[in-house]
Amino acid sequence: MTALLEERRAPATIATRGVQRMTTALFVVALLLAAYTGFRLPGDWAVTLESVSLTDGFHRRFLVGTVLRPFALVFGYDYWVYAIAGFLVLGLLLAVLTVAFLRARTISKQFLVIGWLLLPTGGFLFHEVGYFDQVLYLLLFGALFALNRGRLVLAGGLMVASVLTHEIALLTVIPVFGFALLRKLPFRKACAVLLPSAGTGLVLLALPAAAPGAVQRFQQVLADAHFPFRDDAIGLFNRSQAESWGVYSITDVLLYLLPIVVVVVAGFLLLHRPSLSVLLPLAAILTPVLLAFGGWDEARWGFLLITGFVTVLWIQLGDRELGLPRFGALAAILLILAQLPMPYFDGFQPREVTLVGTPHAVGAFR
């Protein structure tokens with residue numbers, strides 16, 4: 001067991017050029033496979049939520065729509081305004097992922113990225129193009145970049161932007177950011193950087209999601225523009241949380257998340273010496289489980305749970321290389337996570353890697 005807990009400092013270069021070329025090739029293959037598996041055009045639900053803005057009377061999830069509103073007015077709320085914005089965010093996120101992979105100083109961190117792309121999360125990333133989750137993680141990575149360079153005001157401001165994008169930032173990227181802060185800064189200073197985003201999020205939750213009549217007025221605006229909006233998506237801003245609980249089973253969502261929770265907790269404890277010091281990163285990893293009480297998108301919550309786990313591991317690793325036993329343990333964790341289902345939205349399914357369509361048995365030889 002002690003071998004699993006050993007860590008060694010990475011050398012100045014992570015490996016020979018041959019190994020670097022091999023890991024880079026694996027990254028490219030994993031990225032292409034993820035794109036093939038999950039790529040789609042942004043769905044009506046995603047572009048509908050991208051269109052809501054503060055100026056239209058919405059008090060949550062309004063940042064993206066407010067930024068895009070001038071373009072919407074110029075182009076008459078054209079679907080492609082929001083689709084292009086969704087692909088732009090996805091492209092930026094992939095660029096950040098690629099740069100992080102290429103600049104990683106250890107094989108362990110590169111393997112972590114490749115593994116995440118090969119998990120169902122890789123295809124799901126491309127499938128949920130246009131969803132605010134991608135904006136949240138783009139803002140998180142920007143905040144972590146700013147934090148590493150001592151730009152604390154910028155880092156805190158980006159996290160404020162995350163809660164203006166979607167309130168689930170309080171349970172996804174902000175805990176991860178808080179974990180990163182406490183690794184670098186004294187407690188009081190870390191709290192001072194985190195307070196604006198956490199406070200803004202709590203204020204937004206205390207306010208009504210939209211002004212009276214805003215939903216109906218905006219539905220008419222979109223209808224007049226022949227925009228392919230989803231009534232049920234905009235209707236979320238008129239629905240109380242108690243009403244939302246009446247249309248899905250919290251228990252079912254928690255049961256879906258339970259196997260993921262077991263794997264990530266057991267895996268994290270296997271990779272780190274059990275002590276009080278692991279409680280903070282574990283809390284940052286597990287807060288997305290609380291999303292089960294906020295909505296029915298269990299696959300999204302699973303995606304965010306696994307992504308948070310991988311992000312925390314990346315931060316925790318720093319420039320340390322895993323020893324062979326721990327590297328094998330990480331591979332086993334990712335292999336188990338690969339077996340867990342992550343269903344797509346709107347009747348879509350992951351594309352199968354085959355040239356003959358859906359495999360079928362030959363009846364004569366069964």
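Each residue, glycine too, has its Cβ placed from N, Cα and C.
TrEMBL entries are annotated by machine, without manual review.
Features of the protein shown, as given by TrEMBL:
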type     : residues : note
TRANSMEM : 21-39    : transmembrane segment
TRANSMEM : 79-102   : transmembrane segment
TRANSMEM : 111-132  : transmembrane segment
TRANSMEM : 152-181  : transmembrane segment
TRANSMEM : 193-211  : transmembrane segment
TRANSMEM : 253-271  : transmembrane segment
TRANSMEM : 278-295  : transmembrane segment
TRANSMEM : 301-317  : transmembrane segment
TRANSMEM : 324-345  : transmembrane segment
Near the transmembrane segment (278-295), which residues from the same chain, at least 6 beyond its ends, have a CB less than 8 A from one of its CBs?
168, 171-172, 175-176, 178-179, 182, 241, 244-245, 248, 250, 253-254, 257, 261, 264-265, 268-269, 272, 301, 304-305, 308-309, 312, 316
Quick test of the contact rule: Cβ under 8 Å, at least six residues beyond the ends. What residues does that give for the transmembrane segment (152-181)?
60-64, 132-133, 135-137, 139-140, 142-144, 146, 189-190, 193-194, 196-198, 200-202, 204-205, 280-281, 283-284, 287-288, 290-291, 294, 304, 308, 311-312, 315
Who are the long-range neighbours of the transmembrane segment (79-102) in its own chain, taking Cβ under 8 Å and residues 6 or more past its ends?
24, 27, 31, 41-42, 46-47, 50-51, 64, 68, 71-72, 110, 113-114, 125-126, 129-131, 134-135, 137-138, 141, 227-228, 314
The transmembrane segment (111-132) and the transmembrane segment (301-317): do they have three or more Cβ pairs under 8 Å, with pairs 6 or more apart in sequence?
yes
Counting Cβ pairs closer than 8 Å, which of 21-39, 193-211, 253-271, 324-345 has the most of them with the transmembrane segment (111-132)?
21-39
Hey, does the transmembrane segment (193-211) touch the transmembrane segment (253-271), meaning at least 3 C-beta pairs closer than 8 angstroms, sequence gap 6 or more?
no
With Cβ-Cβ distances below 8 Å as the criterion, list the same-chain residues six or more beyond the ends of the transmembrane segment (324-345) that contact it, or say none.
3-7, 38, 43, 45, 107-108, 111-112, 115-116, 118-121, 123-124, 127-128, 259-260, 263-264, 267, 270-271, 299, 302-303, 306, 313
